[in-house]
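Note sheet for the following structure.
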Amino acid sequence: DLKSEMNKTRKLPLMKDTRASDSSQEEAIDQWARRRKQFKDSKKCSSTGGSSINSTITEGSINSEDARSVDLRLHFENEDRGFYSENFHSASWVFRGDDVSPDNSPRCLSKRPRPVAIRERTVKIAKGTGNYPWGFRIQFSKPILVTEVDTNSAAEESGLQVGDILIAVNGTDVTSMPHSEAANLARKGPDILTMVVGSDISRYPNTPRPTCRGYLHKRTQSAILKGWRKRWFVLKHNGYLHYYKHKKDEGKCRPLEVTKLEGAEIGVDTSLGKPFVFKCVPQTGNRVFYFCATSNQEMKRWLEAMDKAVRPVHQNHVWVDVTLHNTTLPPLAIKNPECLGLLHQLDRSKDIWIQHYCILKDGCLYFYATLRSTSAQGGLYLQGYVVSEQPLGSKRSVIELKPPSEEFKTFYLSAENVNENKRWITALKASINKWLPLHQAIQDFMNRPLEETRM
């Protein structure tokens, strides 16, 4: 299959210079051609498309929370290959693309339509009471954007997030529809509002938000006090169940207990002879939790939310998926690069310069052994880095990539001459500027006058 064929391909020895034998080059190219054909047949997507394959370029999964720090060297075949992504925390960055003007940034909140990778999901919101029964706002824009989600609302519990794009409402496509028409479509529909929403490359799909909250009666198993106690429960997207004595304690006091639900057993319980009782048996420990809801509907709501926490779906940031996919491509197959060419990287442990063929794309610098390589050795996530030209040792012109914090690595690169260095510096600065810190993006967004509809 595709995955095993790709793994076999990665086991091919790297071409260390352009003097490799013609037969080994032809074999690698043939391997690439076969792999590319399989990829097109099975996935049919481009290097920046909405779907992507997860590369196994390192032994472990590389994501924003568990990034692996590796030195990108050509001559150590036993060293893990991957990305230096220490400074990329996906919940802290917004991709704005080429819209560098403050009037149009951040890109994810811009009124301009844009071709970016979209991850779709279905959100179902139960209609509440009052003038705004669903608890969110949408913005006058194309595509329609969610600009606010009320705390403790049905929208928040369903997982709707600020910045989500409305794709369909109750089965009707709204991507080209004015937001007022989409709002009317929702109001005229059933009490369960069903929406297909998308998170683009700028969004982190696992942003921590409560997925279910409310009062439940918890059975006390103490030898002194037995019975049922009313407690305020909060189930979060990370799969942990918190509970407090009172609702007002959330956010002010430490929870009385925190339980991890992943791998737990949950289900309705009839052994106690009490209606609307369900139990939870965590994977670790020997405790059994018994909960009692106020109605059958409330019990089902908690069981559905807990079931998702028991079997969570782990996803990378969309941009991480795209960059990992791009590592499986040869250098010239990455579409619309911002800069490409030879760069030398300083290996400070040995005080030597190692040559790479490099591709710059959307804030990621990909490293290849040679132009003829069939896949990347790894790359560098550039978010937050400052680019400057510095003298270093015998070289009077070196590209310095300085991180925003001393805990991260500083990288030194050098092109063939001073003019090439300047070309790379200009391109690197422009590529880094495609990303905006989330706090700045939110501030820019809040300062813009908006026309909204509250739902």
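Note that Cβ sites are derived from N, Cα and C of the backbone, with glycine treated the same way.
Here the structure is a predicted model, which means the values were calculated and not measured.
According to TrEMBL, the region 'Disordered' annotation covers 1-60.
What TrEMBL records for 1-20 is compositional bias 'Basic and acidic residues'.
The compositional bias 'Low complexity' annotation in TrEMBL covers 46-60.
Residues or ranges marked as domain 'PDZ' by TrEMBL: 122-197. Broken down by DSSP into helix, strand and coil, the domain 'PDZ' (122-197) contains 14 helix, 27 strand, 35 coil.
Residue counts for the domain 'PH' (209-311) under DSSP (helix as H, G, I; strand as E, B; rest coil) come to 18 helix, 45 strand, 40 coil. The feature domain 'PH' is assigned by TrEMBL to 209-311 (among others).
Positions annotated as domain 'PH' by TrEMBL: 336-433 (among others).
Mean pLDDT for the domain 'PDZ' (122-197) in this predicted model: 84.
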